[in-house]
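Just below is one structure, and these are the notes that go with it.
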Amino acid sequence: MTRRIFGLETEYGITYAHPTDDVTLSADEVARQLFKKVVAWGRSSNVFLRNGSRLYLDVGSHPEYATAECDSVEQLIAHDRGGELILVDLIDDAQRRLAQEGYTGTIHLLKNNTDSAGNSYGCHENYLVRRQGDFTRLADILIPFLITRQVVVGAGKIMSTPQGPRYCFSQRADHMWEAVSSATTRSRPIINTRDEPHADAEFYRRLHVIVGDSNIAEPTTFLKVGATDMVLRLIEAGVPMRDLALDNAMRAIREISHDITGRATVTLSSGKTVTAWQLQEMYVEKVRTYVESLGPLSPTDEAVFELWERALRAVETQDHSLIDRDIDWAIKKRLLDRTQDRLGCALDDPRLARLDLAYHDISPATGLGHRLVSRSMMNRVVSDAEVERASQVAPETTRAHLRGRFVTAAQEQKKDYTVDWVHLKLNDQAQRTVLCKDPFAHVDDRVDQLIDSMRTQAT
């Protein structure tokens, strides 16, 4: 597909730090406080917003934000970051109310993937693919890529092991149990095969990737989604690809993550052994050859290739300075290394654990991301203005535009309505419903008429 629909679903960790409070608040209680403002206007903790996104409380009191449908990687990043702005606003509102009730602690919303109890929550990537074609072939080619891409797009994690603490590439790697499955929590596959296209099922299916880490640095998300998109283009074009299947995928994903030198070797089904960066090089070379054969590269493709190849060079040479402003695991490692040197402490020191968490804290007041950007220690892909707009306005080039307009009009006219990814429904006497099955369609006369009817009734 030369044009693709993308989406990110991010589950957030939530905690309440209370150094002086006598009464603590559980994650459930904090989550309820966080969503009070949402429930007040939406009458539910599961709502679609004016910017086309979905915001809800997931299992385990994890706030989850699902971006609207986006048709470029840059647009997706803006809307992912826009979700952070929305959640920070909810944090501030809940914080004020708790302060009025005498609570002096701080709510922390963490864009990470594991908690102190060993539970994992995810960042799920969604890629629209055409129904035609062999999905088994797609998965077979994609799985080795997804397992090894952690060396260039992992979020980094301090992990306790029987051999002592170690710094790993990925937060999600140790929580994966299958390559492909229709489950999401019980067995946690790399690719979820549950067939929910949120589009015309005759033509499309939704590739649901749940192996990835949640990223703080925008360039890491840019590479994660951009490189995956280009590998999908290669597969969809039917370009022959040598068999890179791993002999033991679940062992490989863990062994790769645990060796921050990038030199851990994994065994292919053919019996050959390779490192993760060598396997990634095979993909990037094949993809570059294919994409360049189609004509001049787009600025986005150029930027993806540049960062992808630079990140692999950093892993191969161990020169992390090549990427320690762009790639999460390298940025965080630089911070941890400097702090460890300054304090003269071990990697399992609680102060380093707090630093690790602060890296993933999305609040400008308590998190590190905003400070790193302001000090030129973390690069950007999109502007503050683009993020601010994305927090309020749906993408104008996809179906999300229709949903955003409908939700905005219904709220302004105080109409009762129901929405999901495909349906727009007015809960009036006529129960009028519009089915929007084409995720690329941003213009629809039926939606225009539905919106006009609301405004006509109001006059």
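Glycine is no exception: its Cβ is also placed from the backbone N, Cα and C atoms.
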Record-annotated Mg(2+) site (Swiss-Prot): member among Tyr16, Tyr56 besides Glu9, Glu64: Tyr56
Cα-to-Cα gap, Glu9 (Mg(2+) binding site) vs Asp58 (active site, proton acceptor), nearest whole Å: 11
Pairwise CA distance, Glu64 (Mg(2+) binding site) versus Asp58 (active site, proton acceptor), rounded so that it is a whole Å: 6
Helix, strand or coil at Arg54 (ATP binding site) [DSSP, three-state]: strand
Sequence-distant neighbours of Asp58 (active site, proton acceptor) in its chain (C-beta under 8 A, six or more apart): Glu11, Glu64, Tyr121
Output field, ATP shell: CB within 8 Å of site CB centroid, site Arg54, Thr67, Trp421 dropped: Gly7, Glu9, Phe48, Gly52, Ser53, Ala66, Ala68, Glu69, Ala400
Sorted by sequence, non-Glu9, Tyr56, Glu64 residues with Cβ within 8 Å of centre, Mg(2+): Thr10, Glu11, Arg54, Leu55, Asp58, His62, Pro63, Tyr65, Ala66
Between Tyr56 (Mg(2+) binding site) and Thr67 (ATP binding site): CA-CA distance (Å): 12
Largest tally of Cβ atoms lying within 10 Å of a Cβ, found at which of the binding-site residues Arg54, Glu64, Thr67: Thr67
